[in-house]
Each structure stands twice: as structure tokens, then as C-alpha cells.
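Just below is one structure, and these are the notes that go with it.
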Amino acid sequence: MCGIVGAVAQRDVAEILVEGLRRLEYRGYDSAGVAILDTECNLQRVRRLGKVKELADAVDSNPIVGGTGIAHTRWATHGEPSEANAHPHVSGDISIVHNGIIENHEYLRALLQERGYVFESQTDTEVIAHLVEWELRSAKSLLEAVQKTAAQLEGAYGTVAMNRRDPERLVVARSGSPLVIGLGIGENFLASDQLALLNVTRRFMFLEEGDVAEITRRDVNIFDVHGNAVEREITESNAEHDAGDKGQYRHFMQKEIFEQPTALINTMEGRISNDTVIVESIGAGAADILRNVEHVQIVACGTSYNAGMTARYWFEALAGVSCDVEIASEFRYRKFVTRPNSLLITLSQSGETADTLAALRLAKEKGYMSAMTICNVAGSSLVRESDLAFMTRAGTEIGVASTKAFTTQLATMLMFVTALGKQKGVINPQKEKEIVTSLHQLPTQIEKALAFDKSIEQLAEDFADKHHTLFLGRGEFYPIAMEGSLKLKEISYIHAEAYAAGELKHGPLALIDADMPVVVVAPTNELLEKLKSNIEEVRARGGLLYVFADEKAGFEPCDGMKIITMPHVSEYTAPIFYTVPMQLLSYHVALIKGTDVDQPRNLAKAVTVE
């Protein structure tokens, strides 16, 4: 959600700033802007509604020469998408960009209006610009003005300030919204995501909660929430430099779907041997923590929540440990009871999901024995603040609709559940070997699922003119139906719902008619015959059935029911396997409908505000 890029350099920074924004397009936005101090210390600001390309074209047509600048992509929260509401915002000599939500902006706006400030936008961000300008009147430096401003702000923010009268300096403040500083030679940078800066540096410092930093070409000085000078660890990133390249694929989502076999190999490398899960790969002290776990609480949002819902079945059936799963935005506001020896697990692709991060911090206060995150971004807030971090290693995921991050989350969870069950003496060596063997086979099985791409593309034509779709599953395949439903609604804008198939009689059957496609996930398991009865209930009411069925399940196509016969796979990895056709179906339906597959309307990749 929103993207920030900043630079202080001897060279011209316009191209660096715009390229940084381009690399952050996947996060979702509706407008973009840049502000640069030129060689005469005049502020040159360009803002555009729409894509970064429109901003880039505007900057190219009137090149800006200058070494200090800030840039931003905005995802509207306060105020409609418009050029007037686009960042950077200006107050006197001060320019500001900001991610997050200032919760007391109405009070501050009224206060500033009493002081004579005139607001040109509907945003909460403009409040910060005017506050910094006001504080600078009495402060000794921009740093002091930003520190005094930050003390007045309530809510989440990652903000950058630039002063026309102090042209080789940026000051940044972070509270609840991530910011990273990129270190160069005689130049320094900042961004909301290190991906924005991988073309200019590999050395990064991640700001912590409450940090304020002063950045010049030669120095970075960081101060904590109390104003004390602090040092932050410098890390070297090995993230993919060309992650923003689609290669031979039409969309990033398509690319990421087809990257899943390789991503899963990376996820499992060094974590499983021929027949065991390597407990030490989870992290130092993991073995002792796992032995004491009596309950697991999973907290997540969106696709990650669906992964958690799937893993719940594994925790209880395989490891014998009770497990609850809750949406982070609900968990953090509920008066819950912390069970003894309860392990909190957070799931997040970005590691910066605002509600999930807040839930982690709350859980620490409430006495959870330990906290682990399953995450895709090293150095993210969830990774830094958790006791254990089990990385998914999916590689950079650009498409807003998550694909490889989901399947690698599931594989990571299955490895963790196996390790937990082993440490607690519930999973014996024979069962562990069966699970590990199925994991070794998984990348090849995913390749087989991807081979259905063309047949699913033809199937997608049936959905293009539909307005609603129902997804059904039972047991651990109910969350897979949930994920299929989420993918379809995210990128095709078709209203889709998922139900446990046994719930049909309790409401959903009222929706069934000849215009309602019903997608069913039908592996071979102990619930197959029950599921077949549910399918017959839909057929009897004229529903259009599309059944993704195990080859051993005994389905035959008939009027009103199309069967997509899938290879038989292990019961342990079947939920991961059946995710892939759901992804392909959603992708091809969206393609036919002509929607923006990689950046669907109103959505953002990393939800860093509540």
C-alpha cells in the first residue's frame, strides 16, 4: 500500500526515484508524484493521477536536474484519487511524503487552520507537512522539527521530510509503517520496500518502531523514540535484482504461478533430508520450544488466513496439537484468553501486514509462550519482532493476488507441523518419512498440475459472462475452496463465495440455478462419498458443476457436470496440489474479462494500514 522512495546524491536522482516507484507498482496505487530540489534549490514537483508511466513521461518531457528528492505512489485512504491529493505535499519550504493513517488528523487540521494554514487537499498527509513547517519556525533543524511533529501524531506513519533551505538532507520517521535506508558510496537512499532500491544498493538498514533518521550523502544518523542516538544493523540483500521482469510471461501472476515448482524446491532446501524434517532449520532453540507447545494460535489476513485454516487440520490430525485460526483484525480487538503453553504463529507474505503485526505485539503482552512468523521477506517487521522466523523463500512476488507465497506457506507449515509432531512424540519415523517423501514429490506434481493450463483456459470461457460463482470443499479442502474463491473475486471481479460442502442445505442451495457455476475440489479421501452426495444436491437443482477430481475418485462427466481429472497425489500435499488449478482458473477468467490481473482495482499487495 503506497510506496516511498527518497535519495540524497551528487548525481541527478529523478531517474532513480521514478524507477524506484516502478518497482513498487505491485503494492497498489492510484496516483504518483515526485519532488526534487534542483541545482538552484527550487522545488520541482510533478504529480499525476494514474500509472507511474504517466509520471515518468511527464518527468522525461521536462527533465529535473537535482540530487535530493522524494517520490511516492498513493493508495487513497483520506480523499479521492486525484492530482491534488497525490503526494508529495508542500507547506512553505517543506515537502512531505507519507504512508499510513494519521488518526488524529481532524484535530490537527482544525488546530493548523486556526494558525492560518490553508489546506489544498483532503489528505491526512498534508497535516504533517504543515506541522513540520510550523515546528521548523522554532526548531534548530529539520530533524528537531520532525521529532516534535512525530510526538503529536497518532496512528501509523512512515514519512519523509525535505527542506528547500537545507537541500542535501532528508529526515524520515517511522511508526507502524516500514521504512528502509539504502547505503551507497557518497549517496544514500530510503524506501518503503528494499525492492525499490536494489538497482542502486545491496546494503540496507531497517528502521525500528519510533525511529527518526537524518540522511545526507555521507551520513545516516538514527535516533530512537526517546531521542537517543542508536545504531541499526546493516544487512546485505540477496533479493532478485530483476524480480520486476515478466520475462516470457504476459503477467507477473502468470509468471509466479509457473514459478511454483522452483519456489517449493527453494522452500524445502536444507530443511528436509531423505526421510526427516531437520528441526534445527526452524531456528535456534526451536526444538525446546516445540516440545512444550500445547496449543497453536494462528493469526493472519487474506490469503495467509486461508493457509492458516488449511494448516489447522494438519496441526490437529498430524501433530495432535489443538489449533485456532483467526483473522488478525478480529484477533487484536477481541478479549481473548491465552491458553497455557500457546505458540502464536503469524503468516504474512510481506511481513508488514499492519493488523498481523499489531496482533503479534498484543500477543507478546498477553503471555504467549513464544511467537513464530512464516514470512517471505527477510528483514521485515514480523521477522525482526518474532522469536522464530521460518522463511518461505518464495522469491519476490509482484502480483497483488498471491500465488507462490500461498503454496510455499503451506509447504512451510507442513514441514513445521511434522517437526512439531516429531518433537512431541506423536509422529513416528514411518509417518515422518511418508510426509517427507510427499514433500520431495511435490514440485514434480505441481508441474503436472500446471500442464492442465490449456484445458483450464478453455474451461474459463464458461465463467466470463457469469456474475456469481460458488466454491465447495470439505475438510482441509474447504480452505482451498476459500482460496479459489478469493482469487476469482480478486482478479476477475466476479462475486465468489466458498462454503464447506456440508453447509449447502443451510443456505447456499437457495442460490443454485442454471447461471451459478459451482466449482468443487474433490480429492480421494474419507469424505469423498459425502462430497458426492453434496454434488448430487447441486445437480438436482440445475447447477453448473466443475469438479476438479482425483483420478481415483470415480467421477464421470454428465449433463451439467464437467470433470477435470487430476493425477492422484499424497493426502499430505493434496491441498497444495489442488491450489494450482484454482489459480489457473482465476487467471484465465480474468484474462478473458480483460481486468488488470497484476494490479486489480482497489487492492494493494502489502496492506500496511488498518
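Using the three backbone atoms N, Cα and C, a Cβ is placed for every residue, glycine included.
Keep in mind that what you see is a predicted model, and the values were worked out from it rather than measured.
Counted within 10 Å of its Cβ, the other Cβ atoms near C2 (active site, nucleophile) come to 27, all protein chains included. The active site, nucleophile feature in Swiss-Prot is assigned to C2; the stated evidence is sequence analysis.
Summarising the annotation, Swiss-Prot assigns active site, for Fru-6P isomerization activity to K605. In the three-state DSSP classification, K605 (active site, for Fru-6P isomerization activity) falls within coil.
The domain 'Glutamine amidotransferase type-2' annotation in Swiss-Prot covers 2-218.
Per Swiss-Prot, domain 'SIS 1' is recorded for 286-426.
The domain 'SIS 2' annotation in Swiss-Prot covers 459-600 and rests on sequence analysis.
Here the domain 'SIS 1' (286-426) returns a mean pLDDT of 94 for the predicted model.
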